[in-house]
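Asker: Here it is, the structure in full.
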């Protein structure tokens, strides 16, 4: 029983500090200058300003960076800096936030500098049963449409089935209407649309990230947003998955990738073209199709240079064992008392029967 309780405590911890990621890290005496490190821990691998400039977001002058979410003051699940149309002021943005679930207004996620097409992401609007509207939100969506060089219809893609979106009106939410959002079309992703994915990385990276997503080995995927990760100080308490990835970057690179070549996927997205991801779901059936390449760096290989990943601090283990021992003794005592009560009840019943 005690072994079972210990296993359950670590498998389903009731405290975030018990997760494996908080013990799978470098020791405090290992400095950043050590040659063991491929770079500075890779927690700053993503730089939003550099990424926006790489995509050419600001080349046409129709997009700007807004600081209306500075210190996550308005939308804690968004980044602090948001890319929005230049024609939309921060006052309009703040007003539009009141019309979106959790304040998640449409903000730029990806940009195509060749034709000015933009991909923005947002939460559902607060339409409700009364079919409420928001001029500020409509202006924001119109500003996104006018920022494209194509000046074509704006496509609003809802990831939910139509029935779910309409049912959410009873909760005060819903979906945009093409009546209020001019020159817009609304579509629902209930039709299969599967295309081959081609990028500068290969399948090995996808497998590595798929495993790291649920393994709790790294702090990169803990919590729901950047704000919560900063509050938990994960940068100094856990390791980044990108440090591990950078250890064998050559093995994960797709050498046939052409960054300037435009990939036009086929229009047909038939369900019969869906295939099982053998490398992911059949990896333990015989020889796996994709093997995890050996690490070039010794970043997570030298036990003498880091805190052991298989051991918790001694004080924590002792305290946990003491608590579990007390819990086990309490359970034994309760069981003994219940047995005594049952025996007394049987004796009372026996005496009553003898009287009759």
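Backbone N, Cα and C define each Cβ position, glycine as well.
Just lifted these from TrEMBL, have a look:
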- 42-202: domain 'Myotubularin phosphatase' (DOMAIN)
- 168, 169, 170, 171, 193, 194: substrate binding site (BINDING)
- 203-281: domain 'Myotubularin phosphatase' (DOMAIN)
- 327-354: coiled coil (COILED)
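Distances, neighbours, how buried they are, the whole picture for these features please.
Answerer: The DSSP secondary structure for residue 169 (substrate binding site) is helix. Sequence-distant neighbours of residue 169 (substrate binding site) (same chain, six or more apart, CB under 8 Å from its CB) are 127, 128, 129, listed in sequence order.
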Asker: Within its own chain, what residues at least 6 apart in sequence put their Cβ under 8 Å from the Cβ of residue 170 (substrate binding site), listed in sequence order?
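Answerer: 129 - these are the non-local Cβ neighbours of residue 170 (substrate binding site), listed in sequence order.
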